[in-house]
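Residues or ranges marked as transmembrane segment in TrEMBL: 6-26, 176-195. Annotated domain 'Phytocyanin' per TrEMBL: 35-136, in sequence order.
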Amino acid sequence: MIRSGIVSESFVNLFLVIVCTLLLISSPSSETEAKKFQVGGKEGWLLKPSEDYNHWAAKLRFQVNDTLHFKYNNGSDSVLAVKRDDYDLCNVNNPMQRMDDGDTTFKLSNSGPYFFISGNVENCKNGEKLIVLVMAVRHKVAPPPASDLLPREVDRSTLVPVHAPSKANSGSVKRVGVGFGVGLLMMYLSFGAWLV
């Protein structure tokens, strides 16, 4: 025979474990995590790289909070974050930010273009420069209600609303389904253990 005090305490503990598990499994993870990009790959930031820096950057998608890692010879080169005009003219006299430690990490804190040039004018004129375009932050927007999509002259009382599942949310539905299934399995196994 099962004592009611033990069963209820065990049931409460099991219930808390299941709820916590379901919350962890179904909680949305961050859409994207910040990435660190090594400018110039293994070669780093140097004059005449094997791949043009802008060609390298064009193949990548940069997001807000990503970082660029510039590795270069300390003392003989540097990286300047500049405005577009200074980029075009290789003007090293008006940088927004100067980085010259040989091992620089630059955070892309906003969307839009970023312009980088070598602190050595001749290096800049010979192609040691980079434009990075950071994509705009996109927030998930709920679709408008079905009634807003209907033409005004349609008699709405004769229509039956049908909602298609959103592709954007299908992953979270799967996570909740898996979490729910795991929770049910845990409950089933736990109840079997109580009856023994």
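Glycine residues also receive a Cβ, built from the backbone N, Cα and C atoms like all the rest.
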Using DSSP, how many residues of the domain 'Phytocyanin' (35-136) fall into helix, strand and coil, respectively?
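Once the DSSP states are binned, the domain 'Phytocyanin' (35-136) shows 17 helix, 36 strand, 49 coil.
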Any idea what the model's mean pLDDT is for the domain 'Phytocyanin' (35-136)?
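Across the domain 'Phytocyanin' (35-136), the average pLDDT comes out at 95.
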